[in-house]
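Colleague: Dropping the structure in here first, questions after.
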Amino acid sequence: MEPRVGNKFRLGRKIGSGSFGEIYLGTDVQTNEEVAIKLESVKTAHPQLSYESRIYRVLQGGTGIPNMKWYGVEGDYNVLVMDLLGPSLEDLFSYCKRQFSLKTVLMLADQMINRLEFIHSKSYLHRDIKPDNFLMGLGRRANQVYIIDYGLAKKYRDSSTHRHIPYRENKSLIGTPRYASLNTHLGIEQSRRDDIESLGYILMYFLKGSLPWQGLKAGNKKQKYDKISEKKVSTSIETLCRGHPTEFASYFHYCRSLRFDDKPDYAYLKRLFRNLFIREGFQFDFVFDWTVYKYQQSQSGNPQPRPHDGGVGTSSGLNPAVGNSEKRPDVPNQRTNPDFTLKQKDKNGNDSAIAKDKLLPGSLNLGRSEGSSSRRVVDTSSREPFSGGSDNANYETALKGIDGLRINNNAGDETAATPQSNGDDVEPQSKAL
């Protein structure tokens, strides 16, 4: 008899694992829809799936928040059934030779800021902002960024009164050291400003290919964390952002100007990057670097190793990155966005245009389902520049992630630090994914 959970979901092959347990591909036996099933032993020392499921319930309905389909106990396991998602940004970064173009970084940044704004609006901090925890969707949501893994999330204010948690020091480092804010390294209680600063480090990681504090050698984890902290403190914002648009330095200066209980001006941060996007003459066409790279590989007839199958998100290694400073050649736009008034120019200065069947040959499995709506990129509201709807005739072929992508990542040089038992953190003491 085939294994089932919740009397509704058929358990399939394993697609990932983490400190919490394992992730399996599953199928809804009623709809035949594929899902991701997270299993955690009920005997684990620090169970976290129950805690995470409660946070998912709070966040349900938000754009870029995976849908939780079922949570319960089956035999010896706590079980969480969720949407099946595509590759993580870490996997896609590796697929693209460990560097993203400015255009891709800006398209991602807009959505990632929106994700943090939504989580914060629900009175929670994420506290483990890293590329592994941002995944692309599948099907008509393939251009949508999702944020996962709430095992280290913490409520920072009362939902009714909005009273903020108190400022405290001498806190243990919680999160992934590579992307932790300066204040987190200094032992200061985390707040909204720290999630935002961590996102800034991700953006620079994508642009530069690596961060200055990667690959440091140390005898143990504490020494490693101390060295990362020292290097991060000694690296000025200008040094970190050298060679890249000044908007990135402005982003960090703003983050570090925030007081502990300040609400970040998310609209200002999005406006910084949207104005840069416009000034560069980019088009919000959702042609990310991985789309370009797969297209080039299909044309060269020499496909490269590919990222993992889509899942709810398996943690990939965070090895020291090697930057690739070469710009990728232009590729024709997948579509034309009628709402966007700027055009991209080809090498001769002309507006580029190409038939869709030229960009998407039959051998290139980039799209399967239909639909995605779009918004003008200069709109500074909190809505997405696109909603992933199914009624946009101008975008008939939505990216479906990258089918069958696989990446083999080795163990990273940094892992997420977990809360220590200090009597004041009520969240789980273990880290998933």
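Positions of Cβ are set from backbone N, Cα and C atoms, glycine also.
What Swiss-Prot records for this protein is below:
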type	residues	note
DOMAIN	9-278	domain 'Protein kinase'
BINDING	Ile15, Gly16, Ser17, Gly18, Ser19, Phe20, Gly21, Glu22, Ile23, Lys38	ATP binding site
ACT_SITE	Asp128	active site, proton acceptor
REGION	297-433	region 'Disordered'
COMPBIAS	342-359	compositional bias 'Basic and acidic residues'
COMPBIAS	362-375	compositional bias 'Low complexity'
MOD_RES	Ser390	phosphoserine
COMPBIAS	407-423	compositional bias 'Polar residues'
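How about a rundown of where these features are and what they're close to?
Modeller: Cβ neighbour count for Ile15 (ATP binding site): 20 (other Cβ atoms within 10 Å of its Cβ, all protein chains included).
Counted within 10 Å of its Cβ, the other Cβ atoms near Asp128 (active site, proton acceptor) come to 26, all protein chains included.
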Colleague: Between Ile23 (ATP binding site) and Asp128 (active site, proton acceptor), what is the CA-CA distance rounded to a whole number of Å?
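Modeller: Per the Cα atoms, Ile23 (ATP binding site) and Asp128 (active site, proton acceptor) stand 19 Å apart.
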Colleague: For the binding-site residues Ser17, Ile23, which one has the sparsest Cβ surroundings, going by other Cβ atoms within 10 Å?
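Modeller: Relative to the other binding-site residues in Ser17, Ile23, Ser17 has the fewest Cβ atoms within 10 Å.
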Colleague: Return only the integer: C-alpha distance in Å from Ser17 (ATP binding site) to Asp128 (active site, proton acceptor).
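Modeller: Roughly 17 Å, rounded to the nearest whole number.
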Colleague: Sorry to bug you, but what's the C-alpha spacing from Asp128 (active site, proton acceptor) to Gly21 (ATP binding site), rounded to the closest Å?
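Modeller: That comes out at 18 Å between the alpha carbons.
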